[in-house]
Every structure is written in structure tokens, then in C-alpha cells.
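First comes the structure, then the notes that go with it.
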């Protein structure tokens, strides 16, 4: 699933491509992908509106239109492509926004897990999807004091806590593994067993890793590309995720993989305690 760095790069490329385009037709080929509003109402609300900006909150893309905002979650395989109206529509194209300039923004999703919903303009914070999201890790709202408070009051594994979008928005499986490794903390450690120094290391690792991942275009470990079809580069920086059996870059101990709450979890058994 694309995490915050990947979604941010999709946002940035879309921001270059679609503002100023006016929607004159919306085609929904898979109705279940439209949530919170009947698909026909979704279509009715969008026709005639102009895209003004593309924002992001956590793993959600936010399209600000003339009178409303669209929330879109890519889930596992969702992708946006800006194409000419005459280009072939593939079988994995499920939602099409047709513009007056004869281009189309197409949403493709092999798994059909992606979702879209429409809300009042700038009203995303009132939706069930977003109202409980925690702070963005690369903003001043992400503070050590609040992060430490959240960590100390849960006995869940620290990796599980990092994946809780109420604690910090946008961290997923890949970056949670990398954060724990950078902080030298075993992913199975109970969050409330961590010392203040360990919590601080995790906090700083979250900021530094997410910053670099955004700068490098995210991680392409499966099929991720941005909305211009470009691969991410941070996968070349990964130290534990997907490295099962490979030597730790610090001590040489083989990286291990376990299941933690159903998630594949990678770590160095020597460096992470």
C-alpha cells in the first residue's frame, strides 16, 4: 500500500497536471469504489466543477474543486493517470474524470480496493475517514511531547503503534520497519516499555526517514509509480524491509522476518532490542 511518501509524490505530480481543468463528465465503472454517497449523486456533484488544487492528509489525496472536495484513498494498487480522451481505456480503469480540454484523469486499480468520497469544500476533517487521523510527521503538529504521551499509554507492540493512524498519519508497513531499525528498537517491544531515549530515537527516525523518502519519490517495492509514471528511489535506501536473510548493514547478522499482527515485519535480531 502506498504510504505517506508515495501519496505525497502522487499529490505533487497531480498538482502539476490537473488544477484549472473543468470536469464535464464523470464515469464510474465500479460503483463500490464510491463511498458515503450514492454513485449517481457523486457524479452529479462533480460535473461542471473545476479542480483548484490537490492536497494530502495522511494517505488520502484531497482534490479541491469549485464547491466540494474529493477524498481518494489508493489502498493497495490505486493509480491516477492523466490521458488524452482518445487513448485506450484499460480493463483496470474504474473511474474517469473527463475534462473540457479533451483530457481525462483516470483512476486505475487492479485490486479494486481504492475509494473515493465527496464532502463539503475543505470539509475533510469532518469525515469519518479523516477526523481521527493524527498529526502529519513532517509538520510542526508532530511533537515529541504528544508522540511520547501516545506511545506510553499503549501496551501494543511499538510497530503496531506506529501503524495506528491516530498516533501519526501516513506511516505504513515499509517505513515502520525502517523506523524501528533506525531507532534500534525491536518492533515487538511493548510501546509502554520504551525509555524516553528510545521514544526520542523513534520520533527522530520517523521525521528523518519520511523526509528522505518524500525527497526520493517514495519506494517502489511492488507496482508503485507516481502520476507521471516515474518510479520511486527510496527502495534503494531500505535497510531491513524486504531484506530477509541478507546481512544487516551495521553488524552483518541476517535480517529476520516475522508476522506481527498479520504484517510481515523485518528486523535485525542483534541491533534491535
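Glycine is treated like the rest: Cβ placed from N, Cα and C.
Within 10 Å of the C-beta of residue 2 (active site, schiff-base intermediate with DNA) there are 28 other C-beta atoms, taking all protein chains into account. A coil conformation is recorded for residue 2 (active site, schiff-base intermediate with DNA) in the three-state DSSP classification, outside any helix or strand. The feature active site, schiff-base intermediate with DNA is assigned by Swiss-Prot to 2.
In sequence order, 59, 170, 171, 172, 173, 174, 175, 218, 219 are the residues near residue 3 (active site, proton donor), counting only same-chain partners six or more apart with C-beta under 8 A. What Swiss-Prot lists as active site, proton donor is 3 (among others).
The active site, proton donor annotation in Swiss-Prot covers 59 (among others) and rests on sequence analysis. Counting every protein chain shown, the Cβ of residue 59 (active site, proton donor) has 23 other Cβ atoms within 10 Å.
Taken from Swiss-Prot, the feature active site, proton donor applies to 263 (among others), supported by sequence analysis. When other Cβ atoms within 10 Å of the Cβ of residue 263 (active site, proton donor) are tallied across all protein chains shown, the result is 16.
Taken from Swiss-Prot, the feature DNA binding site applies to 92, 111. Within 10 Å of the C-beta of residue 92 (DNA binding site) we count 16 further C-beta atoms, all protein chains included. The DSSP secondary structure for residue 92 (DNA binding site) is coil.
Positions annotated as zinc finger by Swiss-Prot, on the basis of sequence analysis: 239-273. Beyond the ends of the zinc finger (239-273), by six or more residues, the same chain brings 157, 159-160, 163, 173-174, 177-178, 180-182, 184-189, 221 to within a C-beta distance below 8 angstroms of the stretch.
Across the zinc finger (239-273), the prediction's mean pLDDT works out to 97. Straight-line distance linking the Cα atoms of residue 111 (DNA binding site) and residue 2 (active site, schiff-base intermediate with DNA), rounded to a whole number, equals 13 Å. For the zinc finger (239-273), the DSSP-based tally of helix, strand and coil residues reads 0 helix, 12 strand, 23 coil. Taking all protein chains in view, 10 other C-beta atoms sit within 10 angstroms of the C-beta of residue 111 (DNA binding site).
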